[in-house]
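Undergrad: Take this structure first; my questions come after.
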């Protein structure tokens, strides 16, 4: 009966006249829901709590989009977002973070349905989870209801949803007390959680609910009829919406064009002309401030860009000067149309909420934290990649260069971790042009998220950098056809590598320098270009002030930091670990000496296995 109740619930929600579109999270699919693989699945879930937080993002997106585009007589966007969650989701910290966020934001368009069956994989939840979930949600500022017989009280479920939709100033949660495996011989036990029913149990369940026990994979005609009816109603509603949208365009031409463009995920024509560019004579600036300059320059021409931070606005530099916060108007500190989200100290929820914002289709989300704390959000960041969401992680304080906060805040393994993640662009720009290039690629890549690793300390503007070069992921920033060694570096270490060339010259050694702001994009270039950048014939030394893991792909030798950092003024910390022009030159000279008799010396990019990729 629970299965029928859920089917009935889905049908009810789809057929409501006041919903111009229906948003459903955690759709039923084989395995776990995966967007882009199964039609109708809007977000990729599976890890518990992620779908719940995605739903908060979808609800924020709806509220913002409605505030921007709805006009009297034209409710283009007025859907509710529904999410089903269970005891496991309720235990996960990300769901608590997201629920707290939704309660603060008074998201009356969000309805969560809690399957309270008291079972998790370990068995009865009394072994680990005995809190009063509804009291917790009340404390978060949610409207709560309880349907005690969630197995068969369809009218009660329907009435609870109707009542929840009347609540405009709070998100709603409806607790359905249910029996897991209702009707089976294992009903109410953990044994039915993730295992198929035995043949005899399947037969008795079918008999109990009026099915022919000898037939399999049979869908009753009445179910087909119900879904066909809803499909026809949906098609008619879509046709009516299209007519309204066409009329809307006659009265609100610019808004109509903007809305239509956003749905294609294309960017406004010519937006890239607003990206800042820099000359070597320009002042040295921290890349987190360069990022802020990009946001300041482009926010007007990309109105779908919503920024935010996990309580680090002043450090991440993610808010442009005239930004209005996304807040319920009743608080007096923002508007639904605001484009800056205060996520609070909730990195994991922030990432998953941004996945929901992106999935809605009218918003490009960017959110800031320290690079080291992107690890807090790793579960949701992984799903950004898996579900092909255009999400931008502004990750500042990217190395030991953050200084006195010390090793608790200084990333070491973080970039290696996220560079290993498929379909993720990890950018570590070395100057202003590279920062603009990072944003260009992040914004134009419709199905790939990005992490922008940005410095706290100032970086000089490089002699050989341009946006056009940097969008290839790696390029020669200083060429010397007679070089004895190639130095390949990222971020703050590029300028140090360039300084080390002068030190090497005193040792009668010549070097060429490569900046590699994004290995993922460099890997996508053709082989001939890659070998121009990292050629055969001379050894290559990589220089990056964090884990060397992964750099063996691009260099013969690696200079990095395979230990935790240290607390102190950043220049002293760099000196302690010999990340200085002299320290780089010393290792470059050792590299040249070690490989001097290796003939022919192949580029590390020319390994046999890589020819097969």
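Numbering starts at 1 and runs along the chain as it is shown here.
Note that Cβ sites are derived from N, Cα and C of the backbone, with glycine treated the same way.
Small disclaimer: the values here were computed from a predicted structure and weren't measured.
Grabbed the feature section from TrEMBL, which reads as follows:
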type	residues	note
ACT_SITE	347	active site, proton donor
BINDING	46, 47, 48, 88, 117, 193, 373	thiamine diphosphate binding site
BINDING	87, 117, 119	Mg(2+) binding site
BINDING	193, 288, 315, 397, 405, 409, 456	substrate binding site
DOMAIN	285-461	domain 'Transketolase-like pyrimidine-binding'
SITE	193	site 'Important for catalytic activity'
Undergrad: Among all the protein chains here, how many other CB atoms are within 10 A of the CB of the residue listed as 'active site, proton donor'?
TA: 28
Undergrad: When neighbour density is defined as the number of other C-beta atoms within 10 angstroms of a residue's C-beta, which of the binding-site residues 46, 47, 88 has the lowest density?
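TA: With the binding-site residues 46, 47, 88, fewest surrounding Cβ atoms within 10 Å: 46.
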Undergrad: Can you tell me the CA-to-CA distance separating residue 119 (Mg(2+) binding site) and residue 288 (substrate binding site), as a whole number of Å?
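TA: About 46 Å separate the Cα atoms of these two residues.
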Undergrad: Tell me, in order along the sequence, which recorded positions from 87, 288, 347, 409 have their CA within 10 Å of residue 373 (thiamine diphosphate binding site).
TA: 347, 409
Undergrad: Which of 87, 405 (the binding-site residues) has the most other Cβ atoms within 10 Å?
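TA: The residue with the most neighbouring Cβ atoms within 10 Å is 87.
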Undergrad: Listed binding-site residues are 46, 48, 88, 117; which of them have CA atoms within 10 A of the CA of residue 288 (substrate binding site)?
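TA: Of everything listed, nothing lies within 10 Å of residue 288 (substrate binding site) (Cα to Cα).
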Undergrad: Measure from the Cα of residue 46 (thiamine diphosphate binding site) to the Cα of every one of the recorded positions 87, 315, 347, 397, 405, then give the nearest.
TA: 87
Undergrad: Could you check which of the recorded positions 48, 87, 88, 117, 347 is the closest Cα neighbour of residue 409 (substrate binding site)?
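TA: For residue 409 (substrate binding site), the spatially nearest of the recorded positions is 347.
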Undergrad: Across the record's substrate-binding residues 193, 288, 315, 397, 405, 409, 456, the largest CA-CA distance in angstrom?
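TA: Binding-site diameter by Cα atoms for substrate: 48 Å.
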Undergrad: Just name the most isolated of the binding-site residues 48, 119, going by other Cβ atoms within 10 Å of its Cβ.
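TA: 48, out of the binding-site residues 48, 119, has the fewest neighbouring Cβ atoms within 10 Å.
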Undergrad: Which ones, of the recorded positions 87, 315, 347, 397, 405, 456, have a Cα no more than 10 Å from the Cα of residue 117 (thiamine diphosphate binding site)?
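TA: Among 87, 315, 347, 397, 405, 456, the ones whose Cα sits within 10 Å of that of residue 117 (thiamine diphosphate binding site) are 87.
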Undergrad: Find, among the binding-site residues listed as 193, 397, 456, the one whose Cβ has the highest number of other Cβ atoms within 10 Å in the structure shown.
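TA: By the 10 Å Cβ neighbour count, 397 comes out on top.
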Undergrad: What are the sequence-distant neighbours of residue 315 (substrate binding site), meaning same chain, six or more residues apart, C-beta distance under 8 angstroms?
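TA: Looking at Cβ-Cβ distances below 8 Å from residue 315 (substrate binding site), excluding near sequence neighbours, one finds 288, 368, 370, 396, 397.
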Undergrad: Compute the C-alpha separation of residue 456 (substrate binding site) from residue 47 (thiamine diphosphate binding site), stating it in Å without decimals.
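TA: If we compare the Cα positions of residue 456 (substrate binding site) and residue 47 (thiamine diphosphate binding site), the gap is 33 Å.
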